[in-house]
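Have a look at the structure below, then the notes.
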Amino acid sequence: MFNVVFVLGPPGSGKGTICSKIQENLGYVHLSAGDLLRAERERAGSQFGALIESHIKNGSIVPVEITCSLLENAMNLHKTANGFLVDGFPRNADNLSGWSRQMSGKVHEQFVLFLSCPVDICINRCLNRGEGRTDDNVDSLKKRVETYNNQTFPIIEHFGKLNMVREVDSERPVEEVYEDVDKVFEAANQK
Ligand SMILES: Nc1ncnc2c1ncn2[C@@H]1O[C@H](COP(=O)(O)OP(=O)(O)OP(=O)(O)O)[C@@H](O)[C@H]1O
Ligand SMILES: Nc1ccn([C@H]2C[C@H](O)[C@@H](COP(=O)(O)O)O2)c(=O)n1
Ligand SMILES: [Mg+2]
C-alpha cells in the first residue's frame, strides 16, 4: 500500500518548491500532476496532447482518467518510496471520485498539506516564475484562480471535514514554510 500526501494550494503557492525539499529530506517521491500532464502533452504519439494543452491554457481540469493513470504509472516506477507527494491533485470533484474508483485499496492517504497564500502574491510569483509556462500569463491565471476558488477549495474543505488538512502559511520565506512543513510530517509519521 502506497502512502500518499496530497499537496494543494492556489497556483503559485509554492507546492512544487516545498515538495522538492520534502523529497530531498524525507524520501517521499514528488509527483506533480501538472508536470505529468505537461510531459504527456510533449510525448510523441500522445493522443491527449491537444486536449491537455487546451485545459492548461484555460485553467480548467483535465478528465481524471488521464491524470490518475499518469499518477498511478509514476507511482509504480517507485515501489520502494517512503511515500508520494501528489502535488496539485485532487483538484475537483471529478479528480476525487476518479481517484477513489481507481486507487482505493492501493493507497493510504495520510493527510492533505494545504499551502495557503493570498492570491495576489501567488499571481505575482507565477508571473515572475520564468519557466515559460503557457499558462503563466494574466488571462490564464485569472481562470486558474477561478478554478481554484470554485472547484479546488471545496475539495480542501471536504478533507477538512475529515480532519485531514494540515495548513501551512506559505506567504513566508521558503525556509520558514519548510520548517513548519517538516513538523507536520514529523507529527504524521510518529503515529
Ligand atoms: N515561499 C516563497 N516565497 C517566495 N517565492 C516563492 C515561495 N515559494 C515558491 N516561490 C516561487 O514562486 C514561484 C511558484 O512556485 P511553485 O512553482 O513552487 O508554485 P506551485 O504552487 O507549484 O505553482 P503551480 O500551481 O502554478 O504549479 C516560483 O518561482 C518559486 O520559486
Ligand atoms: N489535477 C490536475 C492538475 C493539473 N491540471 C492542469 C490544469 C492546471 O491549470 C495545469 C497546471 O497545473 P499546476 O502545474 O499548476 O499544478 O495542469 C489538471 O488538469 N488536473
Ligand atoms: Mg507546481
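Positions of Cβ are set from backbone N, Cα and C atoms, glycine also.
Those TrEMBL annotations? Automatic predictions, nothing curated.
Residues or ranges marked as ATP binding site in TrEMBL: Gly12, Ser13, Gly14, Lys15, Gly16, Thr17, Arg129, Arg172. Residues annotated as region 'NMPbind' in TrEMBL: 32-62. Taken from TrEMBL, the feature ribonucleoside 5'-phosphate binding site covers Arg38, Ser60, Ile61, Val62, Gly88, Phe89, Pro90, Arg91, Arg133, Arg144. The CMP binding site annotation in TrEMBL covers Asn95.
Sequence features annotated in TrEMBL and their locations in the structure.
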| residue | record | CB count, 10 Å |
| --- | --- | --- |
| Ser13 | ATP binding site | 27 |
| Gly14 | ATP binding site | 24 |
| Lys15 | ATP binding site | 24 |
| Gly16 | ATP binding site | 18 |
| Arg38 | ribonucleoside 5'-phosphate binding site | 17 |
| Gly88 | ribonucleoside 5'-phosphate binding site | 24 |
| Asn95 | CMP binding site | 24 |
| Arg129 | ATP binding site | 13 |
| Arg133 | ribonucleoside 5'-phosphate binding site | 13 |
| Arg172 | ATP binding site | 14 |
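For Ile61 (ribonucleoside 5'-phosphate binding site), the same-chain residues lying six or more positions away in sequence with a CB closer than 8 A to its CB are His55, Arg91, Asn92, Asp94, Asn95, Thr147, Gln151. Of Arg38, Gly88, Pro90, Arg133, all annotated as binding-site residues, the residue with the shortest Cα distance to Lys15 (ATP binding site) is Gly88. Across the structure, Ser13 (ATP binding site) and Gly88 (ribonucleoside 5'-phosphate binding site) place their CA atoms 11 angstrom apart. Residues Arg38, Ser60, Ile61, Val62, Gly88, Phe89, Pro90, Arg91, Arg133, Arg144 are recorded as binding ribonucleoside 5'-phosphate; their most distant pair of Cα atoms lies 21 Å apart. Within 10 Å of the C-beta of Pro90 (ribonucleoside 5'-phosphate binding site) we count 27 further C-beta atoms, all protein chains included. By a simple count of nearby Cβ atoms, those within 10 Å, the most crowded of the binding-site residues Gly12, Thr17 is Gly12.
Under 6 Å, Cβ to nearest atom of ligand 3: this is the test, and of the binding-site residues Lys15, Gly16, Thr17, Arg38, Pro90, Asn95 it is passed by Lys15, Gly16. Here the C-alpha separation of Gly12 (ATP binding site) and Gly88 (ribonucleoside 5'-phosphate binding site) works out to 11 Å. Separating the Cα atoms of Gly14 (ATP binding site) and Arg38 (ribonucleoside 5'-phosphate binding site) is a whole-number distance of 18 Å. Only Gly88, from the binding-site residues Arg38, Gly88, Pro90, Arg133, place their Cα within 10 Å of the Cα belonging to Gly16 (ATP binding site). Of Arg38, Gly88, Pro90, Arg133, all annotated as binding-site residues, the residue with the shortest Cα distance to Arg172 (ATP binding site) is Gly88. Confidence annotation: the region 'NMPbind' (32-62) carries a mean pLDDT of 96 in the model.
Among the binding-site residues Ser13, Gly14, Arg38, Ile61, Gly88, Asn95, residues whose Cβ is positioned under 6 Å from ligand 2 are identified as Ile61, Gly88, Asn95.
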